[in-house]
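Here's what Swiss-Prot has on this protein:
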type	residues	note
BINDING	14, 17, 85, 101	[4Fe-4S] cluster binding site
BINDING	41, 42, 43, 55, 81, 163	uracil binding site
REGION	77-114	region 'Pseudo-FCL'
């Protein structure tokens, strides 16, 4: 089986599309290579491009906070994107870019073989749902629902939620977002810390 390190090395010298010409850093992914849960976003933004790590800006801060709310740290999970390079001006990925770069994500998932895959936002959900032959309509329709697929000789849970950037942009989604993370915590056998956990 291919190792995650081998895939990351290949990403770091990728020339499959023109995004490598405009990026500052490749952003392959970060976290635990034996993670039970993988979070998949759309593409690196400005902060991620500068640092070479996914979800390090304001959206990343919210993601880290939500992980902590269910007793997880970034080091416990694996975080990546469909695209490994930033599209100029944060424009939407093109179908060609998704097709060429998406292969890396498929191989990353194959190397990690998680029990839970969380799609952060519409692009990630479209890609993952397509990969697992699940019907995707809109993010608001599939959001928060748990789908079960057979993969790697086991049952894998797939859940789509809003991208953290959408929650920052629309604070009224926050309560719903927290509820979705509780559900993710339950899928991983985690619960929200209570006051008694700190006594």
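Yeah, the Cβs are placed from backbone N, Cα and C, and that goes for glycine too.
DSSP assigns residue 81 (uracil binding site) to a strand. The local packing around residue 41 (uracil binding site), expressed as other Cβ atoms within 10 Å of its Cβ over all shown chains, amounts to 28.
Across 41, 42, 43, 55, 81, 163, which the record gives as binding uracil, the greatest C-alpha separation is 11 Å. Non-local neighbourhood of residue 14 ([4Fe-4S] cluster binding site): 20, 26, 84, 85, 101, 104, each in the same chain, at least six residues away, with C-beta under 8 Å from its C-beta. Local packing around the binding-site residues 81, 163 was summarised as the count of other Cβ atoms within 10 Å of each Cβ; on this measure the leading residue is 81. Distance noted between the C-alpha atoms of residue 81 (uracil binding site) and residue 17 ([4Fe-4S] cluster binding site) is 16 Å. A separation of roughly 16 Å, to the nearest angstrom, links the Cα atoms of residue 42 (uracil binding site) and residue 17 ([4Fe-4S] cluster binding site). Other Cβ atoms within 10 Å of the Cβ of residue 101 ([4Fe-4S] cluster binding site) number 22 in total over all chains.
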